[in-house]
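Encoded as structure tokens, the structure appears first; notes follow it.
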Amino acid sequence: MAHVSEGCAIKQVEINTVASSFAGIATQLVPQQKFVLSELGHADKLHNMPDNNALAGLCDGMVKAWDIYAKPQAVILFIIEDVSYNICDQRFHEFYIRETYPHIKVLRRTLTEVHREGKLGQSKELLLGSQEVAVIYFRAGYEPGHYHSQAEWDARYLMETSLAIKCPSIHYHLAGTKKVQQALAQPAVLERFINDPEEIKAVGKIFTGLYSLDDNEAGNASYEMALRTPERFVLKPQREGGGNNVYGVDIPDALKRMSRVERSAWILMDLIHPPLTKGYMVRPGGDMPPQIVDMVSELGIFGVVIGDAEHIVHNYQAGHMLRTKLSTANEGGVAAGLGALDSPYLIDSDDEDEQK
């Protein structure tokens with residue numbers, strides 16, 4: 001996820017490696033919003049809205065993994081919550097695979113059901129009943145509340161130790177944590193992964209300030225800095241799903257309640273100030289007609305990476321999504337009820353300068 005920030009520079013908010021979602025709904029938005037523009041007499045502007053094939057991009061990635069597994073009867077497994085509030089987006093993925101690749105079956109199971117039905121075969125293949133699983137797509141399992149008992153943890157362990165290709169594996173899941181993001185932003189760390197000095201510089205520019213809160217000299221300095229000027233920062237735990245961060249003036253109280261050990265599980269990040277745009281937030285139960293409000297947006301770029309410890313087999317950009325929220329809202333999670341899905345409308349900066 002990234003914001004277009006001060007001076008129109010891209011600044012990274014986070015990396016999400018588990019439960020990648022909204023590709024289904026984001027793909028549907030572009031035709032809808034193009035229709036609205038046309039109905040309002042602005043068909044000449046449609047070329048400013050880039051096509052978005054995120055649904056195909058993500059699903060084709062799963063099928064590429066299924067091909068690599070090379071068992072024609074094997075299935076793709078979606079790991080879902082007990083109650084799936086984002087079920088429409090999930091189903092778009094399932095339906096796309098079933099319609100485009102009718103020979104591939106898709107199963108939906110909770111962690112509890114995997115524990116009940118799952119076992120490893122002789123070659124460590126994952127079996128649900130009699131069906132072998134080629135690919136596992138996690139739409140659940142990213143927060144502690146999804147693990148009601150030891151049974152759910154055992155189900156995750158069973159899947160991780162199986163031959164099935166995981167989206168994500170536990171390694172990639174952990175690579176998406178805030179702590180790893182903070183470590184990657186430290187000087188010289190990128191050099192372990194990128195050889196080209198210019199590329200290192202370019203990637204480094206998208207990082208905003210990320211600070212450790214470990215119980216050491218650097219962490220203690222970050223702690224004191226957060227207490228002095230909390231309005232400059234956001235405090236982030238190792239959690240996904242939205243609604244977990246602490247912002248601005250609320251940071252000192254939160255930090256003071258933590259032990260030094262607890263504190264080290266959080267990171268401190270510079271608060272990003274993206275440009276404001278004006279628009280309508282269309283929501284159930286909202287004003288009719290909706291009011292024009294100040295909003296900020298966050299751009300997400302979907303990617304597909306398939307590989308093992310030695311080789312990356314596929315690595316490509318697979319579409320995008322845009323989340324827009326009220327400028328006064330701290331959190332931007334759509335699933336958390338604080339933002340809305342949107343689409344980018346591109347304007348050439350040269351054209352904009354001429355209009356001024």
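Placement of Cβ uses the backbone N, Cα and C atoms for every residue, glycine included.
Database features (TrEMBL):
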- E14, K178, 236-245, Y247, 269-272, E298, K325, E331: ATP binding site (BINDING)
- E14, N16, E240: Mg(2+) binding site (BINDING)
- 74-175: domain 'Glutathione synthase substrate-binding' (DOMAIN)
- Q90, R323: substrate binding site (BINDING)
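Positions of TrEMBL features highlighted on the structure.
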residue : record                 : contacts (Cβ under 8 Å, 6+ apart)
Q90     : substrate binding site : S21, G24, F78, I80, S84, R108, R139
P237    : ATP binding site       : K178, N244, N245, A265, W266
E240    : ATP binding site       : N16, V18, A19, Y142, E143, G176
L271    : ATP binding site       : E231, R232, F233, V234, Y247, G248
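Within 10 Å of the C-beta of E14 (ATP binding site) there are 16 other C-beta atoms, taking all protein chains into account. The two recorded residues, R323 (substrate binding site) and E14 (ATP binding site), have Cα atoms 13 Å apart. With helix defined as DSSP H, G or I and strand as E or B, the domain 'Glutathione synthase substrate-binding' (74-175) counts 41 helix, 26 strand, 35 coil.
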